[in-house]
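Record features (Swiss-Prot):
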- ASP517: active site (ACT_SITE)
- LYS593: active site (ACT_SITE)
- ASP754: active site (ACT_SITE)
Amino acid sequence: MDLIQQQIAHEEALVGAAQNDARIALEKAIAQGSIDRIPRARIMLMRMLPIVTEAIFAHQEAKAAGPAAKLRHLLRIIDAQDLAVMALRAGLSMLINYPTITATKYYTHMGKMLCREIEVRLAFKVNQPYYDRTLDYLKTSRTRSVRHIQKTMDALLDAVLPEEARIDLPDGDYLRLGKFIGDPLIQCGLFEPNRFTGRGGTSVHLEPSPEAREFLQDPSAAMTWGGPGRSVMLAPPRPWNDWCDGGYYSAKAQKHHVLVRRTKHQTKRARQAQLRHLGQDKMPKVYEAVNVLQSVAYEINRDVYEIIERVFNSGGGVLGIPQRTYPDKPEFPLGDEWAKENASEQELEAFNRWKRSVHRWYTGEREHTAKLREFAALYRVVREHHGKAVYFPMHVDSRGRMYYWGTPNPQGSDIAKACLRFHDKRVLGKRGLYWLKVHVANSLGCDKVYFDDRAAWVDERWDDFQRALAEGPENYPGLFPEAESPLCAIAGLLELRAAYASGNPEGYRSGFIVHMDATCSGLQHYSAILRDEIGGAYVNLLPPGLAKADIYSRVLGLVNESLERDRAPGAEGEARGYALLWDKAGLSRSLTKKPCMTLVYGTTFKGVVDHCLDYLDESGVEIPEGVPSYRLGSYMATLILDAIRETVPSAVFAMEWLQRLAKALPDASKDLHWITPLGMQVFQSYPKTEEVRVRLRAEAVEYVTLYEAKDELDPMRNANGIAPNFVHGLDSSHLGLTALACAAEDIPIQAIHDSMGTYASDVDRMHVHIREQFIAMYSGPCVLVELAKQLGVEATPPRRGSLNLEAVRDSWAFFC
């Protein structure tokens, strides 16, 4: 069997695993009682069934009024125990397919499922012979495809039921109906609700309860998760010839893995318009770049994997390797009888602090679950494909941002990156050894000084590193801080040790990948566009000397100056009190790093406030009674954002200019369409949404909000979205152009958005191309002016400074 035949068989097996082993095995175990196949599911079902049945029966018998009362007659059509089994089967299926699911999607699915069951039962009464023939067909075909069964039943309903007998409800009513059978699954402990607040507002997500998480961590369950995107390719991906023709080989895999994904921030109209512009003839360089990037062969670094496996099997929790179990959620500090409306200010502060800690816990728990899934996939790949060349097909989002499919993913966690290296090997040479050392230093946080100093830093600690490798890196937490990338550092040290052990380190053949990262790439783009010498210096567009410019420290310095002014003895007002409180926290650059990094990608003022309050909590600072936490956070957020504005004024100006440009469109209902420097056809059209609010009594949440997207543009969201989407397109363009330039010299690139990696021996040439392509992108007409022309808006060109772009060529810290 050749590689392509192996890959097709591999894809078909993975698709089968995803559709059958994960979903049908669980549903069949519930329906048939196959306890030998999934014993934990059997235990959960048998324990929960009486509780769910009783709760649904209570809903059926209730007389309460309200928006959902008109739907209760539908609930009463089916026996409570039948509904309970149906709901539990669906709920357990969701556990397999989704690590988290929005409450709106969950309830709406339950409501539609209930209505479908009612319709099929009615069809049975209307025409039992037709139903029996349909059932015989399904049995004869021995289908295990849920989708196939659904399509067959659709045909039955179309043939048997008249249109007036079909159930057709608004989404809001499906949601309300679904609550009747969905809430009992939360009450019995299958799911837990979690409330998230983001830029789009507040939403409720349902996640597996601790018992369900334990079920998911069972290796027999984890190893059944599949689909081509959950593994690797064994043959080079098919070159993309069209947006739906490339990547995977089998028809099923191709259908669900197209080149350009639709985003939820697009109207249907915008998506259809974009599809008409996604041909290879309209954006040839995009196709060329993704084909180059996905043609690179990788392999698993078995030595690194064995360290990860050993640490995980001993309990995990060090070197960034997940614990086998996740810590319990923070306990509610105020007692069961506490009521928010009767709370004191001190109690409200304790409540808000607890909410922030729970939010951090859920974030950590999701990351923990993701790492467990990543480790399970890594285990499978090592077991089945160790020593083989493996590949990762590429795709892009609607802005042109490039991603790999597959697990372990080159853009994944420290675990994934450390375990991947190029399959083909190249001689290290003197410079390759040098860059390996720089990589180790970068991975351990020694990344502010010049490259020579980083390499020397590793040499000075070589004996300590050798001892740690011999005795187990997990026993040396001081050498490998988890805040950095300890596993990538260990991978580099293992490669160095192997090179030295060969007796000819410069002649050692290596597939190790060394990455170079941008310094706040979004700010680099805007500073270059407007030729901003001030901002450009702080993001290393200009040569910085022997230590790279640190914008986070610069912003922190300005914040400290403001604090010193506000806390001076003669200062008055609440600002002085806030400044004194923040002084107690002991400010560090971690406070300003995240806002600097996320400003150009659409962070909100509230997001910065929440970040500041999290920093206070983690610093152990108690907010005194009577001090409103949000105002305290707002005070610091304002100082940080003002400091960023002073440090990189061009970036803030460019973002505001872009927003004004979007608002100046002559037709506010028109999609925004522009072309990135790489040639990506971007169609931005944020849809208006209609909001339906439903109370969730079982979760103790006041409302869950259902958003129904309309095929109508929201001008305000469109204006707010243009700046982050525009800079994402610039990031991906720089990456794609650099990958093409490197490919011309046979230098493969591993792409991580604003970070690029290659062979240690080729890092010097990669540095050259990174800089040359950046200079070339901005040496022509101003991209902001070109954007205005593409949008058909007459706009005053923004003022530009005197930054000489050629200086980027000599800035060692531009990517470092």
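Glycine residues also receive a Cβ, built from the backbone N, Cα and C atoms like all the rest.
Fewest Cβ neighbours within 10 Å among the active-site residues ASP517, ASP754: this applies to ASP517.
With a cut-off of 8 Å between CB atoms and residues at least 6 apart in sequence, the same chain places TYR552 near LYS593 (active site), listed in sequence order. A gap of 6 Å separates the Cα atoms of ASP754 (active site) and ASP517 (active site). In three-state terms derived from DSSP, ASP517 (active site) belongs to an extended strand segment. ASP754 (active site) falls within neither a helix nor a strand when secondary structure is assigned with DSSP, and so counts as coil.
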